[in-house]
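Below is one structure; the comments refer to it alone.
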Ligand SMILES: Nc1nc2c(ncn2[C@@H]2O[C@H](COP(=O)(O)OP(=O)(O)OP(=O)(O)O)[C@@H](O)[C@H]2O)c(=O)[nH]1
Ligand SMILES: [Zn+2]
């Protein structure tokens with residue numbers, strides 16, 4: 001193995017290990033340009049280490065949140081992707097959890113807010129990759145008990161590596177209800193436990209510009225037929241259309257909850273039950289409205305030898321992202337279904353706030369006055 005390849009492999013392994021350590025409640029040392037910090041995730045399954053830190057409240061203890069979460073708790077640091085909060089008085093685990101988004105908000109007294117360091121930003125990225133809330137306790141580096149050490153730059157460049165390293169691993173015939181002429185190709189990247197799949201109907205590789213759907217995982221909609229969204233109908237509808245045409249490629253992307261993971265999506269649902277819309281619920285938890293990276297979809301198409309597509313979507317970001325990665329989209333085909341009383345507000349929000357190309361719901365214009373969207 002040459003040296004560059006060797007260090008890339010080491011980086012990938014170190015990032016994956018760091019995700020596991022944070023998820024299981026352990027402590028990582030993250031080494032960044034401004035120095036190293038020790039970090040623990042507030043949303044970890046077993047949170048004893050960060051609880052110990054909270055009880056002892058050592059000098060330099062900081063709670064790192066994303067910019068959107070800091071804003072949500074009234075602690076804006078202008079222009080900061082991540083904010084680091086210090087405590088000027090005693091702090092309890094309940095207060096930390098509430099600031100992280102796991103409980104009702106405390107009053108904001110006794111808190112000061114700064115720009116987070118590169119190492120702290122990397123720790124937030126690790127928490128997101130681990131499917132946790134983006135909230136980290138950090139301490140200045142010391143010789144203490146640490147499960148793992150990782151470089152901030154390795155963490156912050158991992159998303160790019162995930163897409164670049166994605167490779168088809170196995171292909172098998174998969175006769176499905178809609179058509180017997182289907183195959184499934186499973187993809188893997190060394191740094192991620194997420195296995196994306198391509199459902200190939202007919203022979204899309206041999207078609208000039210096959211139908212294509214990028215479908216982000218939605219356990220609730222795809223499997224249980226949830227009425228809160230339109231995912232189940234979009235999945236079935238896309239497959240039916242490809243079966244009818246005889247060819248198509250459906251990429252099933254493991255991006256549950258627009259990339260925030262199942263637990264956090266259900267947290268966002270709880271917030272929507274309290275009146276927030278789907279965009280605000282994400283930002284209230286500290287996420288962007290959409291955390292997905294469609295570079296993985298472009299990489300999968302490239303590995304499948306498909307360069308030109310007709311894309312089934314209402315989401316203009318998918319068009320931009322694929323085009324930006326060199327995929328030629330010869331046509332955009334809408335994929336919308338009648339709203340129901342549970343998903344109407346969700347679909348309206350997508351049109352109004354996320355720019356989705358949904359002009360009508362149930363024959364009624366989505367935007368006031370029937371303006372074009
Ligand atoms: N965070 C969050 N994710 C949601 C919510 N409802 C559905 N999702 C997820 O959203 C993803 C589907 O995205 P959509 O916005 O429905 O559609 P899209 O894929 O962006 O666009 P289309 O191609 O037009 O379907 C899936 O991963 C779902 O799990 C929600 O309220 N909050
Ligand atoms: Zn859904």
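Positions of Cβ are set from backbone N, Cα and C atoms, glycine also.
Unlike curated entries, TrEMBL annotations are predicted automatically.
Model confidence over the domain 'GTP cyclohydrolase II' (169-334) is summarised by a mean pLDDT of 97. Residues annotated as domain 'GTP cyclohydrolase II' in TrEMBL: 169-334.
Counting every protein chain shown, 21 other Cβ atoms lie within 10 Å of the Cβ of residue 215 (GTP binding site). What TrEMBL records for 213, 214, 215, 216, 217, 234, 256, 257, 258, 278, 313, 318 is GTP binding site.
For residue 218 (Zn(2+) binding site), the Cβ neighbour count at a 10 Å cut-off comes to 23, with all displayed protein chains included. For 218, 229, 231, the entry in TrEMBL reads Zn(2+) binding site.
Long-range neighbours of residue 290 (active site, proton acceptor) (same chain, six or more residues apart, CB within less than 8 Å of its CB): 258, 259, 282, 317, 354. Annotation source TrEMBL lists active site, proton acceptor at 290.
On its own chain, residue 292 (active site, nucleophile) has 216, 253, 255, 258, 259 as residues at least 6 apart in sequence with a Cβ closer than 8 Å to its own Cβ. Per TrEMBL, active site, nucleophile is recorded for 292.
For the pair formed by residue 229 (Zn(2+) binding site) and residue 213 (GTP binding site), distance between Cα atoms is given as 17 Å, rounded to the nearest Å. When the recorded positions 213, 215, 229, 290, 292 are checked against ligand 1, 229 have a Cβ within less than 6 Å of one of its atoms.
Of all residue pairs in the GTP-binding list (213, 214, 215, 216, 217, 234, 256, 257, 258, 278, 313, 318), the one with the greatest Cα separation is 22 Å apart.
Between the CA atoms of residue 217 (GTP binding site) and residue 231 (Zn(2+) binding site) there is a gap of 8 Å. Not one of the recorded positions 213, 217, 292, 313 places a Cβ under 6 Å from an atom of ligand 2.
Other residues of the chain with a Cβ within 8 Å of the Cβ centroid of 218, 229, 231, the Zn(2+) site, are 216, 220, 221, 222, 226, 228, 230, 232, 234. Reported as a whole number, the C-alpha separation between residue 213 (GTP binding site) and residue 231 (Zn(2+) binding site) equals 12 Å.
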